[in-house]
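Note sheet for the following structure.
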Amino acid sequence: MEVKLPAIALNIVRTEQKLMLDMVQQHSAEEKRPTSLQGNPSSAKDFGSLSVEFAVGVPDKVLSKVNPSGHGGTSVHNTDKVSPMGEHRFVDRTALFSLIKTCGKHKDLQRGSTVHTDVLERGLLKNDVGLFNALLSMYMKCGAPLKAQKMFDEQLMRNVVSWNALITGYVQQGLSDKALGCYEQMLDEGLSPNAVTFLCILKACGNTKDLDKGEAIHAEIGRQGLTEKDLVLGTALVDMYAKCGALHKAQSVFDSFNLQDTVMWNALLSGYAQNGLGHKVLSYYEQMKSKKIRPDSVTYIAVLKACGSIGALKKGTEIHHELRGQGLLYKDIMVGTALVDMYAKCGALVEAKGAFNELPAPNVATWNALIAGYAHKGMGKEALTCFEQMQDDGITPDMVTFVCTITACGSIRALEKGKEIHKEADRQGLLEKDNVLGNALIDMYAKCGSLDKAQETLDKLRKRDVATWTALIAGYVQHGLDDEALSCYARMREEGVHPDDVTFGCILRACGNLGAVLTGEAIHAEVGLQERDSVLGTALVDMYAKCGLLGKAQAVFDKLLVQSIAAWTALITGYGQIGWTEKVIDVFSKMTEEGIEPNLVTFIVLLTACSHAGLVDEGQMYFEKMISMYCIHPTSEHYTCIVDTLSRAGQFNMAICIIQTVPQADHLLLWSVMMGACRKWSDVELGKQVFEHAIMLDEERRAAYICLDHLYSASDL
């Protein structure tokens, strides 16, 4: 029966049918010649596409109603049978391709499988490799690689397009190792890869950071003479080398092209950005603009990432103005998210929130960038407010959101809120998916002082990596539970988990605190030549110094490739702890001669050493230098050191003058120090005056009375 359709509907059907016919004919022709992307730079945007992708689909409900003989369009032949889908089966190849493509596009695996069954029953796959390739691609797009592989293994007639469909599918599914295996099998079967194959395999090499394989592919591309002609392959090579960290090779490939388009520039810029070379990104961005290459969204994302990594706030703000002028903030949420992230990483949270408010529809990644910025800056309350607001706006938190929010809870010791978020994450089963969240929870509980809960969380995790154990070990050390830290370390080693530099640093600190020399020496032997590393070496210097083994501390220090301020301070502290004041001053002098500027801690150690040795003039000199030469504002600890130095020497008037310049909040401690000196000098009258000052500040009056009692006892009063 003929169904009359409105004229406009018939015109649409005719147009779509003609498009399908033209594209299928083009596809049939392409299957007879090697696939190549030479000379077609725009193909880089369709990086994952293969020639098995076909025409614009016509809805099958419309197709089933069109008169087979009608109106001059491509005829679609119905059969008398009804398919399991409850619709007419079509033997027309064009309609099948359209339906298969639609199933892949919408990830409709059930419908796609039904079409596959229908095709098998008709025996259409026996001599139609194009139809086979379309089904193969459909299964991959539906996230069913096992079905695709099974179908592939059962098919005898396969061409390079078939292999490309399988390889591309594995890459798109994040199974790059599988893709590389397919490539080797393809070569073993005697098939020659084409440009599409190389594109897919280069992407797989980049994903797996398999530089050796990538270089071998590059050599093969060169043997086929493709590199010099094909901008798309060149871009893929730049991208692969950059992802493998071989930036000099990425640069070399880039430079070998006389003309580079925006996509190739983006591959280079993104590579430098991913490897933390922000200054390089900004330099090449300026070169790109000087060559009149128009930046796009990908360009701006790479540049903003670079600005965030090096704290280039001024340049990032300039890019913000450019984006606003081009309207990109309203068109591409990924660009907007990169902008918020840039401001957050630069510590400009007011600007980050302002950029966030400009965006028409922030997504979960945008919220994550803002929350992470607040958490990193220690603004936990603001991070938690954002967490609540995003949910009020209907945005569902993801794994990253939970990790950032848990970090925020740790930064402000919000234990109860952390427990609440833990419960929600557990309810969603997120702890079973990734260690990162579990590690963040352990760190949060440790920072909140809930070490039992941190241990309980670790015990419940199915998988525990080195970061998991280190988070708990660090928590124990931070709270002075060094024995527990060593026990945890021993348990970690029993489970076969190898420590990293951070773990070693924590354990060496625990060893130093406990004086556990044997354990510390065992770790030293294990790290071997890594002792020359700045971080590990400093931890070893600190451990040996705390254990009183200054000879070993000095020996490790002398081997360090980079002697940081932390290493110098650890050595100075060690000499100060054993009362070797002359050595403290000597090492301090060498440090400043090397151009290393002392910090707050260095001066505390130095002033303490002078105080204990009775070096009044030296103590005053270093105190004045700290303020005038190094612009370090004294803390209560610095004031305590200098007041103690002067008081021990009986120079009470000078000590009182310094106390009077100090903020009142620190007075009680300083008056207490002076009372101790009054006891030494048996100066009861001054002690009484100091007591009067102290008692005004001590609400409970206990400390002041204890000091006065000691003074009277020493003076036999």
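Glycine too: its Cβ is placed from the backbone N, Cα and C atoms.
As a whole-number mean, the pLDDT of the repeat 'PPR' (159-193) in this prediction is 93. Residues or ranges marked as repeat 'PPR' by TrEMBL: 159-193 (among others).
Feature annotation from TrEMBL assigns repeat 'PPR' to 261-295 (among others).
If you look up TrEMBL, you'll see 363-397 (among others) marked as repeat 'PPR'.
Annotation comment: TrEMBL describes 465-499 (among others) as repeat 'PPR'.
Here the repeat 'PPR' (564-598) has Cβ contacts under 8 Å with residues 534, 537-538, 541-542, 544-546, 548, 550, 553-554, 557, 605-606, 608-610, 612-613, 615, 618, 626, 630 of the same chain, all six or more residues outside its ends. Per TrEMBL, repeat 'PPR' is recorded for 564-598 (among others).
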Please give the sequence-distant neighbours of the repeat 'PPR' (363-397): residues at least 6 beyond its ends with Cβ less than 8 Å from one of its Cβ atoms.
333-334, 336-337, 340-341, 343-345, 347, 349, 352-353, 356, 404-405, 407-412, 414, 417
So if I exclude everything within five residues of the ends of the repeat 'PPR' (261-295), which remaining residues of that chain have a CB under 8 angstroms from its CBs? That is, six or more out.
41, 44-45, 231, 234-235, 238-239, 241-243, 245, 247, 250-251, 254, 301-303, 305-310, 312, 315
